[in-house]
Amino acid sequence: MDYFNYRNDELFAEEVPVTQIAKQYGTPCYVYSRAALERRWRAFDGAFGDHPHLICYAVKANSNIALLNLLARLGSGFDIVSLGEMQRAIAAGGAPEKIVFSGVGKREDEIIAGLKAGIRCFNIEVAGELDRIDRLAGQLGVIAPVSFRVNPNVDANTHPYISTGLKENKFGIAFEQALSEYRRAAQMPNIRIIGIDCHIGSQLTDNRPFLDALDRLLELVTALQAEGIELHHLDLGGGLGIRYKDEQPPEPADYIHAILQRLGNSDLEILLEPGRAIVGNAGILVTRIEYLKTTEHKNFAIVDAAMNDLIRPSLYSAWQNIIPVQTNSRADERTWDVVGPVCETGDFLGKGRPLRLCENDLLAIRSSGAYGFTMSSNYNSRPRAAEVLVDNDAAHLIRERESIEQLWTGERLIP
Ligand code: LLP
């Protein structure tokens, strides 16, 4: 079920007409549905039944503290990749003991902050990181809980920019080196080995690569056991895809049942780090048409959102559905390239879309809840969009549109 539906020719977010949100908060504007967000988180959490597990929502997908807070209230953990994400998760009410820290380049100050906060686990990605964490934990007089992010060398069959589990990718410890790194860690005075993890890529639409990665990790778990190194959890990362167009990704429950089946009677706690699958289809980007430009070759709908607001189409050639907010247009259907005002030919939100459009109409770009706002920028000195969270019949502003003055906050003239 979807929480963005038409009623009498008008698009609603839950019980609120999208036109009303645009009128009140302006455009471009991200609109999220609380019900959609919570339903997806529960789909992950519920599918585990009694099996020990923790859903660590990947903060990078959408890090607005209102969303993080709703997930924290459900009991979610968080997967973070920076100090900023850690502080956001904690500011939003997230429990440090449910935070896992991923990322290839953890700085000293980030590790220290994580140790002081008492996070649940550092997912180590480089041999040098293990030494650094051991040393810093020693200085602080604490024991650091760690896991190794192992690169299982499986092909996720996804876009090369978001495929991370191949041996040529920068992420994780090579499968062949993992055993020796675990042995090294087991000797370290300030390290407690608690888990193993991987993350093979994003927007996967098939269980198979996940299960292949799981098999490889389980091989290592067995090898470690034989050496007396017992693990407490196995973290399979994020990556479950969503439907943007006609993809048919597994439902969270199917994915999790397949994992549990592979696990057999192992009592390893399973951690997952889903981002997109929780928030992707819980958000839309609402934009207004400024001008229609028809030429001999092309028809352009020039809208007030641009690649700085939503970069996925430009960066990954990602296809996201673009739909009218009101469907009673009397205009003829034509094929449109929906483009933004940014001075780049690559600034488009969708190409070749059959739509009935008039100037000033509102459009909604669907599936924009994940990697939308978080990847937005100020390019062309465009203030970042407002964010609104709909909860049943109430629309809450959860991030103000940036002001023009904010654009140069922190900048200085020289004498
Ligand atoms: N865990 C780790 C270690 C990750 O690197 C990622 C995503 C996730 C979890 C969450 O993955 P998800 O469940 O959202 O697929 N900007 C790209 C996606 C980049 C994903 C990066 N890592 C996009 O817009 O498609």
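Cβ coordinates are placed from backbone N, Cα and C, and glycine is handled just like the others.
Per TrEMBL, the feature domain 'Orn/DAP/Arg decarboxylase 2 C-terminal' maps to 29-369.
The feature domain 'Orn/DAP/Arg decarboxylase 2 N-terminal' is assigned by TrEMBL to 35-280.
Following the DSSP three-state reduction, the secondary structure of Lys60 (N6-(pyridoxal phosphate)lysine) is helix. Other C-beta atoms found within 10 angstroms of the C-beta of Lys60 (N6-(pyridoxal phosphate)lysine) number 21, with every protein chain shown included. Annotation comment: TrEMBL describes Lys60 as N6-(pyridoxal phosphate)lysine.
With a 10 A radius on its CB, Gly239 (pyridoxal 5'-phosphate binding site) counts 29 other CB atoms from all the protein chains. In three-state terms derived from DSSP, Gly239 (pyridoxal 5'-phosphate binding site) belongs to neither a helical nor a strand segment and is classed as coil. What TrEMBL lists as pyridoxal 5'-phosphate binding site is Gly239, Glu273, Pro274, Gly275, Arg276, Tyr371.
Reduced to three states, the DSSP call for Glu344 (substrate binding site) is coil. Among the features that TrEMBL reports, substrate binding site is placed at Arg276, Arg312, Tyr316, Glu344, Tyr371.
Of all Cβ atoms in the shown protein chains, 9 besides its own fall within 10 Å of the Cβ of Cys343 (active site, proton donor). Annotation comment: TrEMBL describes Cys343 as active site, proton donor.
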According to DSSP, which kind of secondary structure is Tyr371 (pyridoxal 5'-phosphate binding site) found in, if we only use helix, strand and coil?
coil
What is the Cβ neighbour count of Arg312 (substrate binding site) at a 10 Å cut-off, with all protein chains included?
20
Which of the three DSSP states, helix, strand or coil, fits Glu273 (pyridoxal 5'-phosphate binding site)?
coil
For the domain 'Orn/DAP/Arg decarboxylase 2 C-terminal' (29-369), what's the model's average pLDDT?
96
Cβ packing number for Glu273 (pyridoxal 5'-phosphate binding site), 10 Å threshold:
27
